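Student: Have a look at this one.
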Amino acid sequence: MQNNNPCGLDGFAFLEFSGPDRNKLHQQFSEMGFQAVAHHKNQDITLFKQGEIQFIVNAASHCQAEAHASTHGPGACAMGFKVKDAKAAFQHAIAHGGIAFQDAPHANHGLPAIQAIGGSVIYFVDEEHQPFSHEWNITSSEPVVGNGLTAIDHLTHNVYRGNMDKWASFYASIFNFQEIRFFNIKGKMTGLVSRALGSPCGKIKIPLNESKDDLSQIEEFLHEYHGEGIQHIALNTNDIYKTVNGLRKQGVKFLDVPDTYYEMINDRLPWHKEPLNQLHAEKILIDGEADPKDGLLLQIFTENIFGPVFFEIIQRKGNQGFGEGNFQALFEAIERDQVRRGTLKELT
């Protein structure tokens with residue numbers, strides 16, 4: 001393994017979800033275009049696929065997934081990282097501060113693993129070590145196009161104030177993640193700091209979010225989720241207009257964006273060449289730099305899908321940012337949603 005990539009990382013292998021009501025998770029993923037392609041032979045565990053994305057819904061009892069759901073409600077209870085050699089990656093992780101994790105025997109994934117944020121787990125996945133590899137009844141081996149979602153782009157961690165350095169150090173010391181972006185976002189009433197980390201392979205990106213006050217959406221998440229964890233998951237598409245239109249038809253709800261946002265796009269990005277009417281109709285956000293060579297990014301955020309967890313749909317047209325130019329507009333949109341829901345009082 002290369003020194004700069006000590007665990008031999010090569011992207012996300014899967015995300016695992018659990019919750020008090022697994023039917024809601026099944027329904028939500030089906031609405032998003034995922035297809036159940038395998039079921040565990042002995043446990044209530046289902047594998048959903050779309051494009052290269054693998055979501056496992058784990059409703060087994062007396063195991064880590066159930067414990068995570070009892071603490072946090074519905075959410076992502078584990079991540080699988082693709083590596084060249086799962087055993088070697090695990091040994092490196094333990095030697096650099098990782099704490100080994102072992103699930104109950106009946107729910108064992110058959111993968112080396114370490115403890116991660118908020119009682120979640122990171123599993124190491126290679127060609128020989130696949131989750132529940134001999135335990136699946138496979139119902140479909142056909143590729144799943146669904147709504148055109150192709151891969152996991154990034155996911156965020158919401159952390160307690162003062163814990164950002166702790167989790168940045170966790171990912172740096174074990175996996176050699178580096179800071180690739182830093183944001184200081186101020187809404188009208190609340191604010192947050194975000195530090196985006198990137199893996200040596202360039203395929204795993206994890207922004208860490210920390211609140212600057214008691215009322216922000218980060219604090220609301222930590223309160224409702226009963227702790228730190230994965231706040232949102234960004235999924236790639238090659239045609240965001242088609243994907244979003246399809247998701248809306250399936251009943252997926254997205255955050256509203258003020259009309260004034262679209263009036264400013266041509267001034268912000270005069271070179272963009274995107275269909276403005278279509279952007280506006282689907283409420284898709286656009287971002288880029290002054291120089292067209294840095295490319296464009298198109299993105300949209302769902303409302304909270306289960307608990308305080310939501311999804312982002314993202315299409316990268318050469319831009320590797322996170323939509324920094326949209327953060328302000330989005331942050332204020334979420335503040336308006338908080339005011340509507342009564343969790344934030346509007347300043348008068």
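Numbers run from 1 along the shown chain.
Placed from the backbone N, Cα and C atoms, the Cβ positions cover glycine too.
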Student: Based on Swiss-Prot, name the residue from HIS134, HIS154, HIS272, HIS280 that is recorded for the same Fe cation site as HIS232, GLU312.
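Tutor: For the Fe cation site that includes HIS232, GLU312, Swiss-Prot also lists HIS154.
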Student: For the domain 'VOC 1' (11-141), what's the model's average pLDDT?
Tutor: 97
Student: Taking 10 A as the limit, how many CB atoms besides its own sit near the CB of HIS154 (Fe cation binding site)?
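Tutor: The answer is 21.
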Student: In the domain 'VOC 1' (11-141), how many residues does DSSP put in helix, strand and coil?
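Tutor: Grouping H, G, I as helix and E, B as strand yields 35 helix, 47 strand, 49 coil.
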Student: Same-chain residues six or more away whose CB lies under 8 A from the CB of HIS232 (Fe cation binding site)?
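Tutor: Spatial neighbours, sequence-distant, of HIS232 (Fe cation binding site): LEU155, THR156, PHE301, VAL309, PHE310, PHE311, GLU312.
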